[in-house]
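These notes are about the structure you will find just below.
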Amino acid sequence: MGTKAKVGSTELLLFTSMILCSLALGRGAVQTYEPVVRVPENNPAKLSCSYSGFSSPRVEWKFTHGDIRGLVCYNNKITASYENRVTFSDTGITFHSVTRKDTGMYTCMVSDEGGNTYGEVTVQLIVLVPPSKPTINVPSSVTIGTRAVLTCSERDGSPPSEYKWFKDGVEMPLEPKSNRAFSNSSYTLNQKTGELIFDPVSASDTGDFTCQAQNGYASPVKSDTVHMDAVELNVGGIVAAVFVTLILLGALIFGIWFAYSRGYFDRAKKGTSNKKVIYSQPNARSDGEFRQTSSFLV
């Protein structure tokens, strides 16, 4: 009991000192009792903001999440875009029912109307949403010695999900050499993005692959299982295809040469050049009698 009382007295002394220093520097004291708030989706959430040292406080709440910016409260009043979902009080703001889009950073800014005293504090709101079934992308067949990229993702989880991979029902470690079952594999696994890269692919990489998404809220969710075959490069097939192509190309060249040697191209040229057109001027006749005489001789 004595130790707890001593700790409580120390915290009170520090808080009082902070207020006095803030007043001396022209800066009000603003604090929150819960800097990180975690709430399941569709539940109410209270973001606390208490302040002192302001003669006529004006409170604003600003929202940021990545590139998104918003104003929740301005001059002690909830803005139009939030007025049906949020309530303002001297101790903070309260969401009636949060959605996943409400996840982000909320900054409580307090100032005097004259602007001489100012203070702020930031509260992080994390709306908890269970992960959905991950979408998996696994090639059905890859060539041994090449690079293969397997992906796994889901968009609903909040906070964002992390990913695990399973091969033939066994969890794949981050370091393949740490598990004898994967010691012959060479891969990198990114738990944040869900990307699994084999580089290079080996014969032992053939198997059934499954991905699992988890974000620490609700139960992990697994994807469908997809089979991948690691196959040898078909050198014989490539050689056969090249051989057939060369035969066809040779036959085409021979056909052109044969036609040329038999004079088929020359005959075609002569047949075109022998066609002549003879045109004879009409004889002079009377104005009342006109007749065009022309003949075409082929």
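Backbone N, Cα and C atoms are what each Cβ position is placed from, and that goes for glycine too.
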CYS49 - recorded disulfide partner, Swiss-Prot, among CYS21, CYS73, CYS108: CYS108
Integer Å value for the Cα distance linking CYS211 (disulfide bond) with CYS108 (disulfide bond) is 40
Structural state of CYS152 (disulfide bond), classified by DSSP into three states: strand
